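According to TrEMBL, the transmembrane segment annotation covers 6-27. Residues or ranges marked as coiled coil by TrEMBL: 42-69.
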């Protein structure tokens with residue numbers, strides 16, 4: 001009888017350990033169900049990395065315009081006008097205000113008769 005009692009205890013103990021590991025295999029922090037969340041996070045991080053890489057390449061391209069020996073004078077002039085908030089002598093400026101009024105043709109203006 002004591003022998004069967006020892007087998008039952010060891011069987012239940014083994015089954016309990018097996019259930020413990022099975023539950024953690026599926027539900028645990030490193031489990032199968034968490035794997036999907038890790039894949040989504042990895043995809044989001046890779047997309048962010050790609051966007052940052054593209055932004056860095058754009059900044060490097062813009063920085064190359066300022067390097068000594070190959071300064072693009074048109075670009076520097078354009079940036080200077082933009083930073084100062086003024087227009088160059090050859091630029092055409094069209095102002096559009098919030099309350100733009102359209103003047104009606106005055107009565108004194110006459111159109112020529114053909």
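Yeah, the Cβs are placed from backbone N, Cα and C, and that goes for glycine too.
Listed as Cβ neighbours of the coiled coil (42-69) (distance under 8 Å, sequence separation of 6 or more from its ends, same chain) are residues 75-76. Here the coiled coil (42-69) returns a mean pLDDT of 90 for the predicted model.
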